[in-house]
Amino acid sequence: MASSLKLGLIALLGATAVNAAPAAEPVLGTSLLTSRASCTFSGSSGAAEAIKSKTSCSTITLSNVEVPAGTTLDLTGLKSGTTVIFEGTTTFGYKEWEGPLVSVSGTSITVQGASGAQLNGDGARWWDGKGTNGGKTKPKFFYAHSLTNSKIENIYIKNSPVQVFSINGAKELTLSGITVDTADGDSNGGHNTDAFDVGSSNGVYITSPIVHNQDDCLAVNSGTNVHFTGAQCTGGHGISIGSVGGRSDNTVDGVTVESCTIKDSDNGVRIKTVYGATGTVQGVTYKDITLSGIAKYGIVIEQDYENGSPTGTPTSGVPITDLTLDNVHGTVASSGVDTYILCASGACSDWSWSGVSITGGQTSKKCKGIPSGASC
């Protein structure tokens, strides 16, 4: 009897042990959670290690990383909720290629610069005065593509070889406290160093950027619900819509540019559409814009661009409607033009201008198709 009880007890304990086996699963779960930890990468191997480990880290800190020549710091496809922090100085090896130097994508992503951090493109190695129009092949800097409900903040970019931020396919993306400093390019052949190029995005909010460059401070080529506020733009070509037309997406709808200063630039406010193309520009507002030291045009709106240059002949395929200019004021050089409007017949309508005062330059005798509510 005792022997039978003993055997029964052993069998019972064994069955209990088997039934208890699933209790080990929470331990595995805990292990999986800890794999999404904070990771720090640095030095010449930092880029490769970060790329390899990017989906295993909840926080990716890049400390004085040296990105090899011809390599993208590829942080695309990050897990939702990942934070990327740049510390110290991030540098990039030299090679003639198209780039980008950095690329980030994902949902609920935060990209931020620590205090004193800098992404230094050392663009003078590529600058030849030609930008993307010839000469050396130059890498674009930062692709912010396919970012959803994300933010990029307190990033300082120094001396980009060519265009800086390419924002494409973004939804609800905020960029705040961004500095784009390519001032050295003024005297060293910097060209086409656009700060922010926006395309095919819905909900882009760029606040308080400080920009010194040699091309557009902002260029919205397509997209909806784009807000550009509190910008300080120096040098370059002004704050632009377009050129619109000739791409797969040719709709600009709902752009607000507000409380910005533009100084020592070729242009102030600029809207340009492509000759012979189709598309739409509507719901654009420029409000509380201050211009100073503008060399060519204080306000320039034209529907005649072809191959990057004006033709003098506007076409109506990309109408410009519901355009508001409110308190846009400032000065243009005596050799420049205060306001220039070149619209095809009936292609510009429903414009509202108030408090617009551009002085110092010449009055254009070539304006055409000026809609009611505007003056040239």
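Placed from the backbone N, Cα and C atoms, the Cβ positions cover glycine too.
Remember, it's a predicted structure, so these values are computed and weren't measured experimentally.
Within the set Cys39, Cys217, the cysteine that Swiss-Prot bonds to Cys57 via a disulfide is Cys39. Its own atom aside, the Cβ of Cys57 (disulfide bond) has 21 Cβ atoms within 10 angstroms in the protein chains shown.
Of all the recorded positions listed here (Cys39, Cys57, His237, Cys348, Cys367), His237 has the Cα closest to the Cα of Asp215 (active site, proton donor). For the disulfide-bonded residues shown (Cys39, Cys348), fewest C-beta neighbours within 10 angstroms: Cys39.
All protein chains shown were included, and the count of other CB atoms within 10 Å of the CB of His237 (active site) stands at 24.
In the repeat 'PbH1 5' (315-360), helix, strand and coil residues by DSSP number 0 helix, 29 strand, 17 coil. Under DSSP, the residues of the repeat 'PbH1 3' (252-273) split into helix, strand and coil as follows: 0 helix, 19 strand, 3 coil. Comparing the disulfide-bonded residues Cys233, Cys343, Cys376 by how many other C-beta atoms lie within 10 angstroms of each C-beta, the top residue is Cys233.
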